[in-house]
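Quick one: the structure is below, questions incoming.
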């Protein structure tokens, strides 16, 4: 069933490209331009996923599998990842789908993202990951219809509540904010509400098909790039997440071509390649240190109510705002 990763990735790539979805922009634009369009898209998607993930778990199509809590890793890795995404000009999913659009700076960012992630996971920087690993929290959830046994702690497990309760409460608050506040105008047929629904549905499909393949997690980016590097360097086979990356690039490429938006684009200043390469490297190191990126933690972990994902996501945003301030506002 690992081939389903290619299908899910293809759909994911189409949604990302048509919705112009980048979490770097979603976080950064709120600070720099008071533009909440993409941030609303992200928040509404999280609300839909919170309800969808619990529902799919209850009917037996998946079990949520929150990432372990590691205060040091989540905080440091999250902040470094946030710094890197601004330098790279896109988040993990943003640079990945833009590879398919023909943006050459995204090629460099993605290349160094994968390199940084691979080096931290099993290469030259693996000593750092081993050191961070000692701070992993022993807290976990008990096995149930909702959660895999031994998975990381969640808001519901810490409070001793059925996951439906915090999921519905938080989702309601997110929806009230998204629909109760003024939205920054943007000319697009694929508006934030439609994009959110499509993104949540792809996330749900990703969790179901990934579970059937034995992976037991939803959408991700970092592990896929690591798998591609492993395949190139050690000739190891592609897994579900590696095929997902291939699918994202293909889906975004097809969507861009159909819309007449595919074009090889190069920066006016070649030094930009150095900047995005450094940014990609920081993102890769940060993502592995934090235990996930803006997709594995923010888009997939936060809806599972994972404490690690909420913590890492807060520091994604803080790191993003810090580098945005240094580059554009200082």
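Quick reminder: no glycine exception, Cβ is built from N, Cα and C everywhere.
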Of 124-145, 190-211, which range does Swiss-Prot call transmembrane segment?
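That would be 190-211, per the transmembrane segment entry in Swiss-Prot.
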Any idea if residue 30 and residue 328 are on the same membrane side according to Swiss-Prot?
yes
Could you check if the transmembrane segment (103-121) is in contact with the transmembrane segment (240-258), meaning 3+ Cβ pairs under 8 Å among residue pairs at least 6 apart in sequence?
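No, since the transmembrane segment (103-121) and the transmembrane segment (240-258) share fewer than 3 Cβ pairs closer than 8 Å, they do not count as touching.
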Relative to the transmembrane segment (240-258), which of 3-18, 37-59, 71-87, 190-211 accounts for the most Cβ pairs at distances under 8 Å?
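If we count Cβ pairs closer than 8 Å to the transmembrane segment (240-258), 3-18 scores highest.
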Which of 3-18, 37-59, 71-87, 270-289, 307-326 shares the most C-beta pairs under 8 angstroms with the transmembrane segment (190-211)?
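Maximum Cβ contact count belongs to 37-59.
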DSSP says what for the topological domain 'Periplasmic' (212-239): how many helix, strand, coil residues?
14 helix, 0 strand, 14 coil
Do any residues of this chain, six or more beyond the ends of the topological domain 'Cytoplasmic' (19-36), have a C-beta under 8 angstroms from a C-beta of it, and if so which?
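Distant Cβ neighbours of the topological domain 'Cytoplasmic' (19-36) are 42, 82, 85-86, 88-91, 93-94, 181, 183-184, 188, 190, 192, 195, 198-199, 294, 298-299, 316-317, 320-321, 324-325, 328-329.
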Under DSSP, the topological domain 'Cytoplasmic' (88-102) has how many residues in helix, strand and coil?
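The composition, in the requested order, is 11 helix, 0 strand, 4 coil.
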